[in-house]
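Straight from Swiss-Prot, the features:
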- GLY12, GLY13, SER14, GLY15, SER16, GLY17, LYS18, THR19: ATP binding site (BINDING)
Amino acid sequence: MGKKPVVIGVAGGSGSGKTSVARAIYDHFGDRSILVLEQDFYYKDQSHLPFEERLKTNYDHPLAFDNDLLIEHIHKLLRYEPIDKPVYDYTLHTRSSDVIRVEPKDVIIVEGILVLEDERLRNLMDIKVYVDTDPDIRIIRRLIRDIKERGRTFDSVIEQYLSVVRPMHNQFVEPTKRYADVIIPEGGQNVVAIDLMVAKIRTVLEQKAVL
């Protein structure tokens, strides 16, 4: 049997701890055998739109993502072909001209708020994970991230959360929990769940003759 990578989808609300879960799994396997594809990098290119129009982008809606490109890249990685991962510029609200070269690995983690929303993506996944975290914790984490990393103001983050993030979470993100094989409360802090995930991944790798 030839080698075939394992694809793991890690979904959950903004600030739920998806990245922490992905990082915890990554740390168990190391750089040699695992890579992470962040759905945040796959927002649609909006360079054809005026900046004022880009400011209206709803980043929490399924239509904001270029899932066609993400799916194309996963298929390439499944064939052990390298990809050029896009980079998104949040200050300009469009895709950057830069790309990141990603070499194929045995484990592919696809991480993002809506990676379980698209059936085409789900069909590529061997293991589907939903990270479930209290809404109060999620908004605090989003505040810290958007102010520190994306140059946002406190008021703008709160306004966006109430008018966009929360309703989009309830409408699109939360319902994808039903597709998950594993639901992890407390995100990356849940050591027991992470250890169980790692054991499951190793089993799937062995079944696919990767290890």
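Including glycine, each Cβ sits where the backbone N, Cα and C put it.
Proximity of LYS18 (ATP binding site) to non-local residues of its own chain (separation of 6 or more, Cβ distance below 8 Å) is seen for VAL10, ALA11, GLY12, GLU111, GLY112, ILE113, VAL131, GLY187, given in sequence order. One way to see the shell of the ATP site is to take the Cβ centroid of GLY12, GLY13, SER14, GLY15, SER16, GLY17, LYS18, THR19; the remaining same-chain residues with a Cβ within 8 Å of it are ILE113, VAL131, THR133, ARG138, ARG141, GLY187.
Following the DSSP three-state reduction, the secondary structure of GLY12 (ATP binding site) is strand.
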